[in-house]
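Q: Pulled these features from TrEMBL for this protein:
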type	residues	note
BINDING	G125, K126, G127, G128, V129, G130, K131, S132	ATP binding site
COMPBIAS	97-110	compositional bias 'Low complexity'
DOMAIN	6-74	domain 'MIP18 family-like'
REGION	84-110	region 'Disordered'
Amino acid sequence: MASIDREAILARLAAVPGPDGNGDLVSLGLISDIVIHGGKVMFSITVDAARADALEPLREQAAAAVKALPGVESTLVILTAERKGGAGAPPPPRPARPAASAPPTSASGKPGIPGVGAIIAVASGKGGVGKSTTAVNIALGLAANGLKVGLLDADIYGPSVPRLLGLSGKPETQDGRTLKPMEAFGIKAMSMGFLVEEETPMIWRGPMVMSALTQMLREVAWAPLDVLVVDMPPGTGDAQLTMAQQVPLAGAVIVSTPQDLALIDARKGLAMFRKVDVPVLGIVENMSYFLCPHCGGRSDIFSHGGARHEAERLGVPFLGEVPLDLVIRETSDAGRPIVASAPDGPHAAVYRDIATRISMAIAGGAGAKPAPRIIIE
Ligand SMILES: Nc1ncnc2c1ncn2[C@@H]1O[C@H](COP(=O)(O)OP(=O)(O)OP(=O)(O)O)[C@@H](O)[C@H]1O
C-alpha cells in the first residue's frame, strides 16, 4: 500500500473552493490537523454552525478529493464549528451524515441514532478502577437479558475493548463510508483500537477527538440496537465533559472502587454528568470485596460498602457490587469476559443483576430532561 503523504492531501484540499466559493479550504485555514492511520485519513473543516447543513456537499467534496489519492482507503471528514472570540458555548460538531429518519431524542436534547434505543455511558472519576471490564460485562449482561446491545469504546487514548472482547482485525465498510461494527459474544462493538495499531502513540486535538467519536457514533451501522453502552475515557476533565455533552446520552453509570480516594473521584464523575444534565443511573462498586481463589473465603480488603453508602448519601441508585476476583481479571485479559465465558457462575449473575437495574432505570424515564448548553472557558 502506498504511504499517504500529508502534503498530497493538502494539495487536494487546496483545490476545493471555500464555503463561499472564494479561496480554498487550505488557504482559508479551515482544515484541522490531519491524522493518518494506515489507509484512513481524518480531519475536520471549520464552518459556521448555522450553515452546516448547507455545507454538507462541501464536506463530501473534500472527502472525495482525499479519497481519490492512492493509498487512501477511507476518510473521516467532519464539519466542526469552532467558537470565535471567547463568548458563548461551542456549537456541537455536525454529524458527518444527516440522520436518515427522525431519531429518538436523548436526555441531552441531541438527536439520538436512528434504530438505537438508549445510549448509556460507563464512566469513572479516575483510571484503573475496572471501568472497561465493567462496561464490557454490563453490555454482555444486558445482552444476556435479551437486549440487542452495542459497545462503543470512547476511550480513544487507551482503547481496551478489542482486547477485552478478544477482537482483532479491521472493521469493513458497507458503502465505502459506513463502518460495520465488529461482533463478539452476540454484541456489536466499535473502538479506535480497531482502526489504529495498539502501539501507535496517539496525539489527539479536541476537534479530532470529536470527529472520531462522532464517526464511531453516527457512521457505524449500529441499528437495530436496544442499548448502546459507551465506555468513556477515565477522569472528569474538560475532554470527558465535552464528550459527555456530545454523545446523546440517556444516562450514565459510574464505576468506583471502595477506597475513599476513588469515591471522591466518583463524586466528581457524578458532578460532571449533573453539570450536563445527564441522569446518573447509578454507581457500581468494583473490586468490592476479595474472593480467595483457594478457599472461597471473602475479605473486605478495601472497607467494602463505601459506594453503596455514598450512593445513598447522594440519592443515586446503587447498582451492585462486583468482587475483586482473579477469574474476572484473567477472563478479561484473555478476551473472554466472565459473563460470556461463565454465564452460569456467580459473577455473571452479579453483572446481569446490574444490567437489569440499569434497564429498569432507563425504562423508568431517565433521560427526559433537556440539557442546558455548557460553556467551557
Ligand atoms: N472485579 C475485578 N476483579 C479482578 N480484576 C479486575 C476487576 N475489575 C477489573 N479488573 C482488572 O483490573 C485491571 C484494570 O481494569 P480496566 O482496564 O477494566 O480498568 P479501567 O478503569 O477501564 O482502566 P483505564 O482507566 O486504564 O482504562 C484489568 O487488568 C482488569 O482485568
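Cβ from N, Cα, C; glycine included.
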Q: Among G125, K126, K131, which binding-site residues lie by ligand 1, judged by Cβ under 6 Å to any atom?
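A: Near ligand 1, sequence order: K131.
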Q: Using CB atoms and a 10 A radius, I'd like the single residue among the binding-site residues G125, G128 with the highest neighbour count.
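A: Selected residue: G125.
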Q: In this structure, which of the binding-site residues G127, G130 has the fewest other Cβ atoms within 10 Å of its Cβ?
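A: Counting other Cβ atoms within 10 Å of each of the binding-site residues G127, G130, the minimum falls on G127.
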Q: Of these binding-site residues, K126, K131, which scores lowest on Cβ atoms within 10 Å?
A: K126
Q: Averaging the per-residue pLDDT over the domain 'MIP18 family-like' (6-74), what integer do you get?
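A: Mean model confidence (pLDDT) across the domain 'MIP18 family-like' (6-74) is 85.
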Q: Any idea what DSSP makes of K131 (ATP binding site), helix, strand or coil?
A: helix
Q: Hey, of the binding-site residues listed (V129, S132), which one tops the CB count within 10 A?
A: S132
